[in-house]
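*Asks:* Not my notes, these are from Swiss-Prot:
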type     : residues  : note
SIGNAL   : 1-19      : signal peptide
DOMAIN   : 46-161    : domain 'C-type lectin'
DISULFID : C83-C160  : disulfide bond
CARBOHYD : N122      : N-linked glycosylation site
DISULFID : C138-C152 : disulfide bond
Amino acid sequence: MRLILLSGLLLLGTFLVNGHDADPEGEVLNSVLLTLMKLQKEFTNLFHAFLTVHKARSFGSGSERLYVSNKEIKNFEALKVICKQAGGQIPSPQLENQNKAFANVLERHNKEAFLVVGDSGNFTNWAAGQPNKADGTCVKADKQGFCHSTSCDDNLLVVCEFYFIL
């Protein structure tokens, strides 16, 4: 929004500096201001639409984090790149309701996916006998949301985590 306002002011300033005195009634200024007001209203409407969608998705999942799949099957290294390019991150559920939202995506696609498990003592949902480093150094979640050690070379469902701080 600031960029739009600054662009409008720059255009107006350029117009005035170039000595255009053919606008004694201020028609150009009024036109620029009207355009800026329309853009501000459109931006506000878009922002409110975004918030509505975010709140609805959060309400439906019980989590402020959104877990989204592009339905591709990739290894861990490819997942890191895909999630970063999309503006998200590798899933890292920290609470039970976040893990449930993540597991819902896996159940819907009938697939397993990578996730990151922190060492900070936060919520984890390890399956019985896990973690087992012999199985690999990465972590995957099954369709029920239970965590298992796995190879980072496995090809699993691409799921990225997105969250918003507003």
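Cβ atoms are placed via backbone N, Cα and C, with glycine included.
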*Asks:* Over the domain 'C-type lectin' (46-161), what does the predicted model average in pLDDT?
*Replies:* 88
*Asks:* Between C138 (disulfide bond) and C160 (disulfide bond), what C-alpha distance do you get in Å?
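*Replies:* Rounded to the nearest whole number, the Cα-Cα distance is 16 Å.
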*Asks:* Return the single residue from the disulfide-bonded residues list (C83, C138, C152, C160) that has the minimum number of other CB atoms within 10 Å.
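*Replies:* Lowest Cβ count within 10 Å among the disulfide-bonded residues (C83, C138, C152, C160) is C152.
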*Asks:* Can you grab the distance from C83 (disulfide bond) over to C152 (disulfide bond)? Cα atoms, rounded to a whole Å.
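*Replies:* The Cα atom of C83 (disulfide bond) is 16 Å away from the Cα atom of C152 (disulfide bond).
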*Asks:* How would DSSP class C83 (disulfide bond) in three states?
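*Replies:* It is helical.
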